[in-house]
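What follows is a short report on a single structure.
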Amino acid sequence: MSAPESDVKPVVAEQSKQDAPAAPETAVNTEEKPTGLNKETPLGQLASKLGELLESTGHHEMYGVELSSWQEGTDLPIPQQVILQKFLRANANDVAKASEQLKAALKWRKEFQALKTKDEVFEKSRFEGLGYITELKDMPGSATGRDVAVFNIYGAVKDNKKTFGDLDGFMRWRVALMELTVARLDIANATTPVPDYGKGPDPYQAVQIHDYLSVSFLRQAPEVKAASSKTIQLFQQVYPETMSKKFFVNVPIVMQWMFGAMKYLMAKETIAKMQWMSYGNQLDQYLGPSVPKVYGGSGADLTAVGETPKYNDATATTTPAATKTEPPAAAAATGLDAKKGEEEGAVKV
């Protein structure tokens, strides 16, 4: 009996495969793919200075991202590109000014130990209720549908001297709130580059809300003025381009008139980022329905969903010895953000 047809082996075909010449081996390119950066672009020029900046400051971290030196033709990780673009955009692509500001910010972070503030424990009776970080969904104009928002609730301050009197202590708390906000931007895992200055929005930014409910604009305590001035001066230098918009809510109408007059003295970049309103329950018109109910939305209360620095009920635990809060002198007069700070000095941020 003959074997079933399915059992017949294609001997000729197999022999043909064995006799066929081997395919030529494809050369494997082990070189890193270039990112398109070159020293003729502002980003490439600033990147080429990284090695020197990191060596001179002795610090390699910015917003949780580890920076490293770069050579033309090699890959520069996108998280590092995002960091550099923030300093470039803050200085209108002026590489020299961006370099000086970055150097000063690195030096400050090393001295202040900014990253450690996220884990410090602060006195609850001094700062509870003053700041919250949350995520907003479906914000109008959002590119991702999810945006980070930080709320500063000035009416929550019960004792100005207790909250603001120890300026260094207040600044460590304020930096902790900012570090937690920036951490929410997740720059360390960024996969999308930031467009060059003037060519599109930066997707790695938060929105900031300043709530002035029950705050007097006529009798501002000196401690409050000092803390406000210090915060503005410092943050404009060490956290450039981290906020896309600033909302000032529950501002008395008479103060809005003053702010309206101030617009004629402000740069257009500053005006575009600032929005004043007398009624906080209208904030949902700008930030969408997920803001808390007190702001016109349907979201949960900030006390329920907002992230805050760590608190205890007693005196704060010992903080690192370094408590330098002075803004980096080398960058004090650099960048668009320096001008923005001067203009915003009339309003507490």
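Residue 1 is the first one shown; counting continues down the chain.
Even glycines carry a Cβ here, placed using N, Cα and C.
Range annotated as region 'Disordered' by TrEMBL, chosen from 270-309, 310-349: 310-349. Residues belonging to the domain 'CRAL-TRIO' (170-303) score a mean pLDDT of 92 in the model.
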